[in-house]
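S.K.: Below you will find the structure I want to go over with you.
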């Protein structure tokens, strides 16, 4: 009965019962039911901001569930929520715990607050065996707080190397126990854990440059684990003593070396924080600022002491390092090889002076390497042990040159034999004996010998020259040139015999027609030294290449003389071909005859008359007798009868031989001219014709009369027509003498009228 009433009682009754139960429970009095209530104690954990469900034990369906909360440190319970299964009520004070709701008999706390930390009591009324029973559940709720994001604090973020630094990992909140861990990461490295450091703070004493970098800490508890952002520990240090490096690298005992004309890069590094400021000095003079000094094209002037100054601007500390830089340069050009022969041995010389350091030279021959020395090296060999074609190489090595420089000598004997010749010098005052034997290494030695095999002067290499005073008694004498070479036995030689020149002419007598072309030929036969050929004209004058009317044409040992447009007055006569050398001369004569062409026939003028206005004449002529001709020549002059008589001048030339007439213009009407004509056979002119003066053309009246008559007839005809026209229009002007009779059968229109008409026609003839 009690259970049924309880199920149907209002909430106010429930709360009243609840309060009673709380009162009884709080007062420690026993439950009014005959049996003691069942109690359960449970510990529950929740996370702040999270959700937790508090269960109210297990058993039969409750009639009433009452939840209360007692904060830590308090003895007074506070009602939280009540439900009878149909209705539920959450007290306003429950918001301090979070978002409170009931799920059946369980109390659900969402968005858990730290204020929910304490003791929860669940009281349940239920019916069992027809009796009302009360059950109690005690729950202790622990609210856990996650650790907050830790923060690293450094006692000195920028300490000087050697000082003391304390690092602290600060956490604002978090349920104990909280565990700490530390990590260090260099600026250009990976992070590494600091083993053994688990406290919220640790000390670096003394601090050094290896401690520079980022420091991070992490904090963790039973709820979570968070890591801090990095805090940078900037350790101030340096600068250390600078270290100088060079590219490309070349090391010497004093420092570095570099090749001339290459790019050289000097780098300076001094460990420092903040980074060092660098200054470069060359021989105590500043040349650059910055860690790298580049010499774009190294030269010899760049040799010297280079100092790198490093400065820490924060600490105002300085360090420096000095090195020696030497610019190497090879000797100029290439090694030079030379051979100095002697009768029984050969000396090989190799020289390559200059350079820094001096080049190292070494000989190498067919049997292997030879001596070595700087700048120059000498090697001697017995001539008997050296076959022709032996090759010797001198190798020059220098640090500034990648490939070695070489010079090579190949010993070989010259080909063939010596060649001898002679020439005259200084106007044939001296005779130069020359001897040549080219090729060979070393070159052959040559010397001249007289007829008694006595040396003439000294000897020389490859070519020997000896001068003799020119005189006639040298003709017929023989000289010998002897050559010697260490690889050639016996000694070869050549002979030279001096002799006067001899001449031959193709034809001693040459004929040519006037105006033609003639060639005189002269050939040189023998002569040592070589002779000079020339031609002398009929007046013994020398014919030069530029002489007018002549042409010289040398062909080997011949000298041809050409005569153009032969003229008897200038070209006829005896020509001499002369050959001269330093030991004698000779000459040959050639007679040149210039023949005239036969005379052409005579010419007579058949007609010579003036043209219009006396400014031209018409000339006609005729040939008298047989003969060859090639043209005509017309001449004129002012007649002696006129005011200005003068010499004959050409009026027309180049007239074809077939022509028999010519119109000549360009006359002055005020001058009286005389004309004559000549026949031409090439350059031969015939006898002039008779001299004639132009005549006026004859008068002809017949054409004038005919012209006048024709003109009169035209005028008469025109006048008659005019008279007839006038009479027809004015008949009264002309009276009739009698009346005409009419003939029967005659048409009036056919009547004739014999009216006389007088017409006067005047004809004037002008001659």
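Placement of Cβ uses the backbone N, Cα and C atoms for every residue, glycine included.
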S.K.: Where does Swiss-Prot put N-linked glycosylation site, among 104, 602?
M.R.: 602
S.K.: Of the residues 376, 585, give the one that Swiss-Prot describes as N-linked glycosylation site.
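M.R.: Among 376, 585, the one Swiss-Prot marks as N-linked glycosylation site is 376.
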S.K.: Quick one: which of 662-682, 683-703, 704-724 does Swiss-Prot have down as transmembrane segment?
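M.R.: Residues 704-724 are the ones Swiss-Prot records as transmembrane segment.
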S.K.: Which of the listed residues, 628, 758, has Swiss-Prot annotated as N-linked glycosylation site?
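M.R.: Going through 628, 758 one by one, Swiss-Prot annotates 628 as N-linked glycosylation site.
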S.K.: With DSSP as the yardstick, break the domain 'Ig-like 4' (399-499) down into helix, strand and coil residue counts.
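M.R.: Each residue of the domain 'Ig-like 4' (399-499) counted once, the result is 3 helix, 57 strand, 41 coil.
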S.K.: May I ask for the distance between residue 217 (disulfide bond) and residue 268 (disulfide bond), taken between their Cα atoms and rounded to an integer number of Å?
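M.R.: With the alpha carbons as reference points, the distance is 37 Å.
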S.K.: Calculate the distance in Å between the alpha carbons (Cα) of residue 481 (disulfide bond) and residue 169 (disulfide bond), and round it to a whole number.
M.R.: 111
